[in-house]
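For reference, TrEMBL has these:
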- B:65-82: transmembrane segment (TRANSMEM)
- B:94-113: transmembrane segment (TRANSMEM)
- B:119-141: transmembrane segment (TRANSMEM)
- B:153-174: transmembrane segment (TRANSMEM)
- B:198-217: transmembrane segment (TRANSMEM)
- B:244-271: transmembrane segment (TRANSMEM)
- B:283-301: transmembrane segment (TRANSMEM)
- B:308-333: transmembrane segment (TRANSMEM)
């Protein structure tokens, strides 16, 4: 039995139902990617699973208890979240933001005890940003900023980390850097990772488990070799793709892809 | 994880501001129609002054000075909190219409209420706070977007609209006033520090003594709320509840201040911004500086207003606006430029 499960989930923005009657299970100690076309509800599902979005119906359980009925601070000791392109107040330094990760463990005025300082230093070190400790976050580059946010999530000392498109707005090298870091966390700390990714090849390369979604429904969920197929890509993404073996990782990768319904290429451009 | 250099800087800035504040207070108290010289002032301060100096200082100038200091602190603190919870650098009780709401409530009270001169000063902060809270809740209600929560931008736009409507309402009601009442409301709206006797200090001080320490105690949550909504929620902050509590506390703070000093804007804008420019946005660091800055600005503005004209005075609210309005424009320019 996995620790984080969702049963009969209905999720809506206001009256607009995005996801209806969905069952989901997140495998422990693995990297899970949620993929799907724009507007398929992948971010919505991610946010609901970590109680950022209230659900209309159903139950999301973590270790058997309903996360929407538990004390939010207690959940914050178990699940850390990296939101999509988060903003931060001007003038805040790296060390300060990372220290906010200790909030779930603090009471009152927020004085940091030696254990907090130790964890913060560790988080800075793991993400390789110790030297930026006193720098202003908004002065850093996109890749560096993203590492600061990951460090804050790490300072929460949770077993589960959610990431909503952690590589958006980064160049390819920085995308790889962030994903390598996530993979390392999973391998060294046994951290359960759940993330939404746009790039299918990156999702395949860096995750063990894959949830594919379309129009608010989960099409498949399972270990990548078992669920990934050309038919699936055609159904979910409307692309005709060839699956090859990535020489570097031994995993599948998609290549030579084009639209199934090639209506755009039929438009005559004058 | 605060840089020790930053902490040292905070202490230095606080010390310098304390000295500046003391100098401003001295300047303010020793100037005026009766010029008290410095040695007489200092002697009186330690209880060795002459009867006349003692009377003027303790009965007239000291209570007014305390009111001004406390109001400056309250307005600055309130502005800092409102900016943090709405994540809008331009928010402040004056701009959001909360001051105008307090003023409107006071105007209504003067028209329909039973004004008892003995309890008036103690009731006034309550009336103003009730008006301020109602206005703030209206702003919350109107700017609440189902599914998306509260939008900071909507909040300010609605606040500006409400502010205009409520001020207009207060002016309309003036027709029902007698000459004294109309003069009072006009002076109030211009930000004339009128509560200048000891009972006003007594009516005002308890609020300050409760709310300011409470807000300091909330520094840690405020830091988190000031990041972004998703991060705050994911760290375990009960966002809607915390925001409401903090909003009400900061609205009470500014409302009781404007009840005794009149509608003074911009202090809540300048105080926190100046403080943050020294030590950054961590509340534990900048709030003490914001308090001192707010007090300093209001004392200086009031003294300038009292002394600059050969005859008559300019209300402190007007003097503050002369510096505050361009500062607001500058901030708006900066906010858009980013």
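The backbone N, Cα and C atoms fix where each Cβ goes, and this holds for glycine too.
Nobody curates TrEMBL annotations by hand; they come from automatic prediction.
Panel annotation: around the transmembrane segment (B:65-82), residues 21, 25, 28-29, 91-93, 96, 193, 195-196, 200-201, 204-205, 207-208, 211-212, 215, 222, 246-247, 249-251, 253-254, 256-258, 260-261, 264, 267-272, 275, 283, 286-287, 290-299, 302, 316 of the same chain, lying at least six beyond its termini, place a Cβ under 8 Å from a Cβ of the stretch. Long-range contacts of the transmembrane segment (B:244-271) within the same chain: residues 67-68, 70-72, 74-82, 84-85, 90, 92-95, 98-103, 106, 121, 124-125, 127-129, 131-133, 135-136, 140, 187-195, 200, 203-204, 207-208, 211-212, 214-215, 218, 221-222, 225, 290-291, 293-294, 297-298, 315-317, 320-321, 323-325, 327-328, 331, each at least 6 residues beyond the stretch ends and with a Cβ under 8 Å from a Cβ of the stretch. Among the listed stretches B:94-113, B:153-174, B:198-217, B:308-333, the one sharing the most Cβ pairs under 8 Å with the transmembrane segment (B:283-301) is B:308-333. Among residues of the same chain six or more beyond the transmembrane segment (B:198-217), those with a C-beta under 8 A of the stretch's C-beta atoms are 59, 63, 66-67, 70-71, 73-74, 77, 81, 121-122, 124-125, 246, 249-250, 252-253, 256-257, 259-260, 287, 291.
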